[in-house]
Amino acid sequence: MQPESGANGTVIAEFILLGLLEAPGLQPVVFVLFLFAYLVTVGGNLSILAAVLVEPKLHSPMYFFLGNLSVLDVGCISVTVPSMLSRLLSRKRAVPCGACLTQLFFFHLFVGVDCFLLTAMAYDRFLAICRPLTYSTRMSQTVQRMLVAASWACAFTNALTHTVAMSTLNFCGPNEVNHFYCDLPQLFQLSCSSTQLNELLLFAVGFIMAGTPMALIVISYIHVAAAVLRIRSVEGRKKAFSTCGSHLTVVAMFYGSGIFNYMRLGSTKLSDKDKAVGIFNTVINPMVNPIIYRFRNPEVQSAIWRMLTGRRSLA
């Protein structure tokens, strides 16, 4: 990100994040709501992570991935919300260019890992339901760790690519970002150099990072649905759909908000709808994920309850 001298000769070395609302009287309300959402998200995801670590019944591939997903949700919301809360308290909206790039990198890192991890979870469900005889071999601990490591490596490459590409753009004014965190669409609109290459890169990498995993998820669940429909036991079908239903809900929310946010860069003006989608990406998704997995999964519910009450598992 290369700051340049603007028309008045000043050098742009920082961005002004306008936040969610301009009305000063509503800032305390925004602060309380987002602080509450942050605490609920961190508490909910850490409770699932703790349950996965200490509960023997949850020492399986599906819950291994769920524990990793909880870490990602905490990371995703921690990249954006604490800094926003700090600005609300200090009433200082200026963010240095370097800090903006750092936030951009880590946000896309966590979101990218999330993308691949959801695919790994779909593959796990496919093996468990469609290939039960070879499940333990194909989804061994080594395979699980390799899938997680590959997810981090691919996401790191993606985040670094966008961050480096963004750093090559020139910014000579204005420097007001109509958002509460630094992200690609908003920064593209402030650049005084061409962003065509950056947007093409976003679409190309986005197809690889989102399109391919989404296709793999759809294919996996087509096979899963066909296998579940062949199960004669009503209880067996119910159990299969309960574990898959939670994951499908999270996938729909994650990809739905992501596609809306990044696949409409041709818009000449970003509106408050983009802020709403930003809230969905950074706050709502990480907050509701543990709720979805907890309330739609009896094993997670009982594990968290035993952990809170100090009871030991019978396993």
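Cβ coordinates come from backbone N, Cα and C, glycine included.
The shown structure was predicted, so the numbers you read here are calculated from the model rather than taken from an experiment.
What Swiss-Prot records for this protein:
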- Cys100-Cys192: disulfide bond (DISULFID)
- Asn8: N-linked glycosylation site (CARBOHYD)
- 1-28: topological domain 'Extracellular' (TOPO_DOM)
- 53-60: topological domain 'Cytoplasmic' (TOPO_DOM)
- 83-103: topological domain 'Extracellular' (TOPO_DOM)
- 124-143: topological domain 'Cytoplasmic' (TOPO_DOM)
- 162-199: topological domain 'Extracellular' (TOPO_DOM)
- 224-240: topological domain 'Cytoplasmic' (TOPO_DOM)
- 265-275: topological domain 'Extracellular' (TOPO_DOM)
- 296-315: topological domain 'Cytoplasmic' (TOPO_DOM)
- 29-52: transmembrane segment (TRANSMEM)
- 61-82: transmembrane segment (TRANSMEM)
- 104-123: transmembrane segment (TRANSMEM)
- 144-161: transmembrane segment (TRANSMEM)
- 200-223: transmembrane segment (TRANSMEM)
- 241-264: transmembrane segment (TRANSMEM)
- 276-295: transmembrane segment (TRANSMEM)
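Ranking the disulfide-bonded residues Cys100, Cys192 by how many Cβ atoms sit within 10 Å of each one's Cβ puts Cys100 at the top. Here the topological domain 'Cytoplasmic' (53-60) is broken down by DSSP into helix, strand and coil counts: 5 helix, 0 strand, 3 coil. Across the topological domain 'Cytoplasmic' (124-143), DSSP assigns 17 helix, 0 strand, 3 coil. Remark: the transmembrane segment (104-123) contacts the transmembrane segment (241-264), by the rule of 3 or more CB pairs under 8 A. Scored on C-beta pairs under 8 angstroms, the neighbour of the transmembrane segment (61-82) with the top count among 29-52, 144-161, 200-223, 241-264 is 29-52. Counting Cβ pairs under 8 Å to the transmembrane segment (200-223), the top-ranked stretch among 29-52, 144-161, 241-264 is 241-264. When pLDDT is averaged over the topological domain 'Cytoplasmic' (296-315), the result is 72.
Long-range contacts of the topological domain 'Cytoplasmic' (224-240) within the same chain: residues 125-126, 129-130, each at least 6 residues beyond the stretch ends and with a Cβ under 8 Å from a Cβ of the stretch. With a threshold of 8 Å between CB atoms, the same-chain residues lying at least 6 positions outside the topological domain 'Cytoplasmic' (124-143) that come near it are 61-62, 65, 220-221, 223-224, 227-228, 240, 243-244, 247.
Counting residues 6+ beyond its ends, the topological domain 'Extracellular' (83-103) has Cβ neighbours under 8 Å at 1, 3, 12-19, 27, 30-31, 34-35, 38, 163, 166-167, 171, 180-182, 187 in the same chain.
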